[in-house]
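Lifted from TrEMBL, the feature list:
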type: DOMAIN; residues: 250-378; note: domain 'Palmitoyltransferase DHHC'
type: TRANSMEM; residues: 94-120; note: transmembrane segment
type: TRANSMEM; residues: 132-149; note: transmembrane segment
type: TRANSMEM; residues: 161-178; note: transmembrane segment
type: TRANSMEM; residues: 296-319; note: transmembrane segment
type: TRANSMEM; residues: 339-363; note: transmembrane segment
Amino acid sequence: MAGGAGRAGRGPEESLCCCEYVARGGERAHLAAALCDCQDLDEGCDRLLTCRSLPPGMLERIADTVSDRFRIPWFTGAVKVNVSLIPPLVLLPVFLHVAALHFLLAFVILTSLPIVVLWYYYLTHRRKEQTLFFLSLSLFSLGYMYYVFLREVVPRGHVHHAQVALLTCGLVLMLVALSRAKRDPGYLPSCTSSDKSPCQGSTELPSRKVLGIANGLQGAAGPGVPSSRVVNGDTKGYSRTPAEGSAEAKEDWCPKCQVVQPARAGHCRLCGRCVRRLDHHCVWINNCVGEQNHQAFILVLSFFLLTAVYGIVLTLNTICRGQATFLALFYCPGVYSDYSSALSFTCVWYCTIVTSGMGYILLIQLLNVSYNVTEREARMALRDNTGRRLLGGLVVDTGPYS
């Protein structure tokens, strides 16, 4: 025990070799011993083999242990790798290559993939967990589709260099837009964050008229309120404590971030922050979509849609010569005669499924923008029965914002 305490006490101050790391408990550990001392895993396997139920929380503890020990050697010590990044890198190429073997395999795999992805999305959404799985899947899918296009389609000689350059330009523009969408979506300064400076100031609530502006109500702030506190219908001096008896403050007070939210702001349970004009938390970019990155998010969807459709057309015109583009998607004689064309055709169908989903998201975003409603407001209106569905349910009119 004394020796263990001494090792735990040294902690990260001492230099680590490439295969050492500081475990969750603070003790030094080695990658060679990653499979040792797995009591929860041993007990879980024993219970499964003997058909006994697992105690509550055992699966979570096993997952935490695996996540903590999954590391790669590095100069300053073993670096932790997010486990959710690995499945797309391994499973996507395997599934696509297996699907290219036969039409029935392609049908089963391409039908099952969206179901599995949606199931994992609802699982993580219900647990309110952040994961890099979807971002890893989207980025690796782009890279792998581009790789297959350059390796299997371009060498056939029917795609010109200008077309390859245009497709590459679309991919680069989409990645640039993605980098902008990954930036600050409009986080409000939080008293619970590491930076306490925004909370050091007035703890008085703004006047009811200023709160009225923050809540999207009509009217001026009045002579008693400095004009510098009201910018674009918002207030800069957010209250840090809810006033007793103030209905507006209690409605807009966020107990987790310790701020009064301005109009149309919302708290993201995944990020743990309040965001200005929060639209939704997008798992595909692993970031919130709010006031400052909404335009970049729509650009990402637009560039992806144009680039993907262009790549699908080029590929079908190459491997299904003489067929109309839309018809070739469903009828391409002899496409499974050689493995190269079969793999390209399978990737085309994979891109078509993904593009259809992204196209639907873009359509909903454009409709919401045209009606000046966010996705969060639409969900809340449907939950509270205060909105009405339009255009066959594609958009929800919430009323307050025209």
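Keep in mind that glycine also has a Cβ here, set from the backbone N, Cα and C atoms.
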Output the single range from 132-149, 161-178, 296-319, 339-363 maximising the number of Cβ pairs under 8 Å to the transmembrane segment (94-120). 339-363
Using a Cβ-Cβ cut-off of under 8 Å, list the residues of the same chain that are 6+ residues beyond the ends of the transmembrane segment (161-178) and lie near it. 142, 146, 149-150, 154, 285, 296, 299-300, 303-304, 306-307, 310-311, 314
Which whole-number mean pLDDT does the model give the domain 'Palmitoyltransferase DHHC' (250-378)? 91
Any residues 6+ beyond the ends of the transmembrane segment (132-149) with a Cβ under 8 Å from its own? 82, 84-85, 87-89, 92-93, 96, 117, 120-121, 124, 167-168, 171, 174, 283-286, 311, 314-315, 343-344, 347, 350-351, 354
Folded-back contacts onto the transmembrane segment (339-363), same chain, C-beta under 8 angstroms, at least six residues removed: 96-97, 99-101, 106, 110, 113-114, 141, 145, 148-149, 152-153, 298, 301-302, 304-305, 308-309, 311-312, 315-316, 318-320, 329, 332, 394
Can you tell me how the residues of the domain 'Palmitoyltransferase DHHC' (250-378) break down into helix, strand and coil by DSSP? 69 helix, 16 strand, 44 coil
